[in-house]
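> Handing you this structure, nothing more for now.
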């Protein structure tokens with residue numbers, strides 16, 4: 001089930017094929033953002049659903065939801081329908097990741113959680129080359145078969161859950177009155193305020209300076225409304241409800257828990273941003289061969305996997321050294337992501353080890369910090385704490401992706417006008433309309449369509465593509481400069497993590 005979080009990546013690795021077919025060039029990024037926001041939206045409520053129906057049925061519903069979402073994606077006729085399918089998929093992935101992490105954490109001794117969750121993470125292994133799968137499927141058949149692959153993988157998980165997953169009930173609710181009381185205690189208002197606030201904020205960030213000017217009503221209205229709703233959410237959680245989404249007595253080590261959430265947010269920003277932005281960079285800077293793009297996506301994915309497993313094992317082995325473990329991962333993440341700014345169209349082999357190092361750093365934080373949170377929280381709120389870490393990580397990813405994507409576009413468009421425009425003139429293309437169309441097509445990576453423009457032959461096309469690759473190479477570093485600022489916060493926060501060794505024993509929260 002943890003592999004479900006990688007179901008976004010195949011589609012994100014082949015966006016050009018998708019929006020070339022479905023349209024929606026100006027807003028395709030929402031299929032990524034909608035997926036992340038849907039995951040964040042459902043996570044806080046999975047614990048209550050588990051109490052009502054049991055983890056087994058919730059896991060089954062999660063798998064079915066993913067399959068339904070992927071069927072909608074695979075049969076979509078326009079980008080709006082595809083975005084809806086990805087949002088539904090996000091609901092399923094949120095359910096399944098929380099069920100997998102919290103369910104495993106409850107069933108094993110506290111001192112061994114790192115080992116068991118590391119074993120669970122091994123299930124992600126078949127999906128690590130997902131960028132390769134997506135590119136080869138989209139290039140040699142149709143991108144719609146990506147949804148078939150993810151649906152089959154999820155169906156295997158569904159069958160396995162039905163046959164083999166029989167956990168003990170988390171609470172024993174007698175009758176409909178107890179279930180109704182549980183629903184009444186669920187903070188639906190907090191969930192509504194938080195997700196609407198995030199959606200508004202994301203809409204403003206993604207639109208600002210790209211689809212609309214920053215000073216326009218289209219940008220400012222959702223941005224202001226989003227901030228207002230987020231402030232309202234904080235006020236509601238503090239004074240408006242007796243059963244907040246974020247329990248007031250959350251942890252035996254409040255400072256470490258708070259710092260854990262900060263680090264989780266930062267790691268989410270860098271994890272999802274590199275995960276979603278590197279495949280397009282591999283396409284736009286280094287060429288469009290599907291096998292080559294797939295290979296370029298592997299170092300980061302395998303780095304995340306290696307860092308995650310190694311960090312989880314070390315977490316269970318050296319509880320007293322958690323500060324240095326997370327600090328080391330934060331430093332690797334910051335250095336690795338920052339050094340990706342060195343990428344040029346001619347040094348891809350030098351970038352592979354940097355991608356791997358960045359992945360090790362990100363992986364060394366992402367799941368291990370969530371595991372740390374389940375160790376330092378009280379046993380009765382494991383599901384809520386796990387939901388909180390997932391939500392914080394996803395929100396960090398959504399906000400980080402929106403910020404990075406906006407920064408990237410602001411740097412890309414001037415570079416395209418300068419470099420691609422000059423290449424057009426040098427090649428004898430002087431019609432402003434044609435030059436503008438070349439720039440627009442390059443900006444959305446539809447370079448093959450440039451061949452059909454007036455005055456463009458094969459030789460000129462190669463020169464225009466090379467100019468576009470250099471423009472992209474000049475724009476992407478600014479994304480990684482921003483990641484250094486995010487990573488620096490994570491490094492500082494990790495320095496103040498406390499010693500948790502006294503909280504670790506062999507207790508088990510739920511006995512089979």
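A Cβ is built for glycine as well, from the same backbone N, Cα and C atoms used for every other residue.
These figures come from a predicted structure and were not determined experimentally.
Okay, these came from TrEMBL:
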- 1-502: domain 'Major facilitator superfamily (MFS) profile' (DOMAIN)
- 25-45: transmembrane segment (TRANSMEM)
- 57-77: transmembrane segment (TRANSMEM)
- 83-103: transmembrane segment (TRANSMEM)
- 115-137: transmembrane segment (TRANSMEM)
- 143-165: transmembrane segment (TRANSMEM)
- 186-208: transmembrane segment (TRANSMEM)
- 214-236: transmembrane segment (TRANSMEM)
- 298-315: transmembrane segment (TRANSMEM)
- 324-344: transmembrane segment (TRANSMEM)
- 350-369: transmembrane segment (TRANSMEM)
- 381-404: transmembrane segment (TRANSMEM)
- 478-497: transmembrane segment (TRANSMEM)
> Does the transmembrane segment (186-208) come close to the transmembrane segment (381-404), meaning at least 3 CB pairs under 8 Å for residues 6 or more apart?
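Answer yes: the transmembrane segment (381-404) meets the transmembrane segment (186-208) with 3 or more Cβ pairs below 8 Å.
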> Sequence gap of 6 or more, Cβ distance under 8 Å, 3 or more pairs: do the transmembrane segment (478-497) and the transmembrane segment (186-208) meet that?
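By the criterion, they do not touch.
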> Give the nonlocal contacts of the transmembrane segment (83-103) in its own chain as ranges (CB under 8 Å, at least six residues past its ends).
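Hits for the transmembrane segment (83-103): 1-2, 4-5, 7-8, 11, 24, 30-32, 34-43, 46-47, 49-50, 55, 58-59, 61-74, 76, 117, 120, 147, 154, 157, 167, 367, 370-371, 374, 382-383, 386-387, 390, 394.
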> Which listed range (115-137, 214-236, 298-315, 350-369) shows the maximal number of Cβ pairs under 8 Å with respect to the transmembrane segment (143-165)?
115-137
> Under 8 angstroms for C-beta pairs, at least 3 of them, ignoring pairs fewer than 6 apart in sequence. Is the transmembrane segment (186-208) in contact with the transmembrane segment (350-369) by that rule?
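Between the transmembrane segment (350-369) and the transmembrane segment (186-208), which are separate recorded stretches, there is no contact, as judged by 3 or more close Cβ pairs.
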> When the pLDDT values for the domain 'Major facilitator superfamily (MFS) profile' (1-502) are averaged, what is the result?
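That stretch averages a pLDDT of 84.
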> May I ask which of the stretches 115-137, 214-236, 350-369 has the most CB pairs under 8 A with the transmembrane segment (324-344)?
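The listed stretch sharing the most Cβ pairs with the transmembrane segment (324-344) is 350-369.
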> Cβ under 8 Å to the transmembrane segment (350-369), counting only same-chain residues 6 or more beyond its ends: which ones?
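Answer is 2, 101, 114, 117, 121, 260, 263-264, 266-268, 270-271, 274, 278, 296, 299-312, 315, 325-326, 328-337, 339-340, 342-343, 389, 393, 490.
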